[in-house]
Amino acid sequence: GCEKEAGSSMWIYVLLGNLLRGIGETPIQPLGIAYIDDYTIEENAALYIGCVQTVAIIGPIFGFLLGSLCAKLYVDIGFVDLDSVTITHKDVQWVGAWWLGYLIAGAISILAGIPFWFLPKHLTKPESRKDSSTPSEQSKFIAEDNKEQRTSHQQQAKITEMAKFLPSLKNLFENPVYILYLCASIIQFNSLIGMVTYKPKYIEQQYGQTSSKTNFVIGLISIPTVAFGIFSGGLIMKKFRVNVLGAAKLSLGSSFFGYLLLVSLFAMGCENSDVAGLTVSYHGTKRMTDYEQALFSECNSGCACSKNDWDPICGENGVTYISACLAGCQASNGSGKNTVFFNCSCVGTLESPSQNSSAVVGPCQKGNECPKMFLYFLVISVITSYTLSVGGTPGYILLLRCIKPHLKSFALGIYTLAIRVLAGIPAPVYFGVAIDTACLKWGRKRCGGRGACRFYDSSALRYVYLGLTLVLGTVSIFFSVAVLWVLRKRSSPQDETLSANGERETCGTKSRKDNFVNSDCLIQTTYWPEKETRL
């Protein structure tokens, strides 16, 4: 049985499912972003992109709410008698019906994909872009500026497309603004993905909340705040007609103040729960040495208990015991979730030996100050999430404007790929490894070997989780400063000056115009008329 369990290949289905999901996301991002930017009026592009990103954030709101509902249902619902389950959804060992959400979300995704079949390949360009001398983005990707070369390339499109891949990649990597912004984004997404991935665990372990309540809180409070922040960023870009340099400043300011607010969360933690043998001794004093040796005491020495079990009970003295056996309980009344243990010799050894010798199933609640700290944590988290997300849309506009138009889709594809591979994959791994260093009690698998962590040191968990997030965020800010510095160096006061009618002032000399054309960051005005004039 153990060998069969260890050799399970069910993870392959999860891998293939995520692979297909990633392929299905490309019509929205990066291709959808480029599609919107190609066929919208310049002054509306930031708002529309902000709306798309906002709607993309609203989806996880319902996902977390659905996850909260599924987490209250037992994992084997419909296959076992629920009356035989002896724990509730508040127990740390509870496993909810995680698979149910995939079925519901998958069916909805299929229905949502149907309208994409009816979208036109090309839309009518706005009047401000109809007189552009620039060919379509698809043809520019494989074409040269010379008309004869362009005709030749159209005849051999497939061969040229493959041949132009490496030169196009080289062109992107020679653009300092693109590279610096890519590095800043990768490091910042490492910070954010790691923080978001382990936020439910952090709330559960730090503040003693249930998994269902954690999902509910994240879905109802945190994610809507992010959606509103992204939409606000797009609205600010449109209302104040922010240019590329202003977008870089807004993105930098958003990151700086967001991570500055994150520092305050270090003071909003809870003390460790009193767990006999882990955080306190059986005599009520604080833990000193090897905790596995401290699990045993004179009060449970004759019970032949296992140190690997994790079936916590709460004594009437407010101390949690790892199991009824380690609490020295000799009798019980009731069954399942309503079981009450009596004559617990270890419970009686703290403070009053003759009383408080009973216990109930489940761990004890955190201290009285913990609910208040949890409320403070939620308030600061909401403000931090909003501040960080305001810079999302300006960052995207910066990315779109610092590259040549014919490389837009390609650049967005490389950007998305880099974020997924260099942030989405490694961040949860090393965040998990770092967080596990704060573990005080490990579970054990049926066939031996270390299982999941059952109990964390609250202070160590707080410093590792928030500290790693803050360090990565600080490094990303330095790259954002470098982006702003390069933009300032490449632009001149004439480039940033807008005329009274909202159009960019034209360059006076041919050499000035050539410099403007050759810049990878400042786009040639003949590509699209009125580029960046109303952003």
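Placement of Cβ uses the backbone N, Cα and C atoms for every residue, glycine included.
What TrEMBL says about a protein is an automatic prediction, not a curated fact.
So that you can see what the record holds, here are the features copied from TrEMBL:
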type	residues	note
COMPBIAS	142-151	compositional bias 'Basic and acidic residues'
DOMAIN	293-348	domain 'Kazal-like'
REGION	125-153	region 'Disordered'
TRANSMEM	45-75	transmembrane segment
TRANSMEM	95-119	transmembrane segment
TRANSMEM	178-196	transmembrane segment
TRANSMEM	216-236	transmembrane segment
TRANSMEM	248-268	transmembrane segment
TRANSMEM	373-400	transmembrane segment
TRANSMEM	412-435	transmembrane segment
TRANSMEM	464-487	transmembrane segment
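For the transmembrane segment (45-75), the partner stretch with the most Cβ pairs below 8 Å, chosen from 178-196, 216-236, 248-268, 373-400, 412-435, is 216-236.
Cβ atoms under 8 Å from those of the transmembrane segment (178-196) belong to residues 172, 255, 388, 395, 398-399, 402-403, 411, 414-415, 418-419, 422-424, 426-428, 430-431, 465, 468-470, 472-473, 475-477, 479-480, 482-483, 486, 520 of the same chain, restricted to positions at least 6 beyond its ends. Ranked by the number of CB pairs under 8 Å to the transmembrane segment (412-435), the listed stretches 216-236, 248-268, 373-400, 464-487 are led by 464-487. When DSSP labels each residue, the domain 'Kazal-like' (293-348) comes out as 10 helix, 11 strand, 35 coil, counted as helix, strand and coil in that order. Contact between the transmembrane segment (464-487) and the transmembrane segment (248-268) is supported by 3 or more Cβ pairs under 8 Å, counting only residues 6 or more apart in sequence. Residues of the same chain lying 6 or more positions beyond the ends of the transmembrane segment (216-236) and with a Cβ under 8 Å from any Cβ of it are 46-51, 53-55, 57-58, 60-65, 67-68, 199-200, 203, 209, 242, 250, 254, 378, 381-382, 385-394. Mean model confidence of the domain 'Kazal-like' (293-348) amounts to 85 (pLDDT, 0 to 100 scale).
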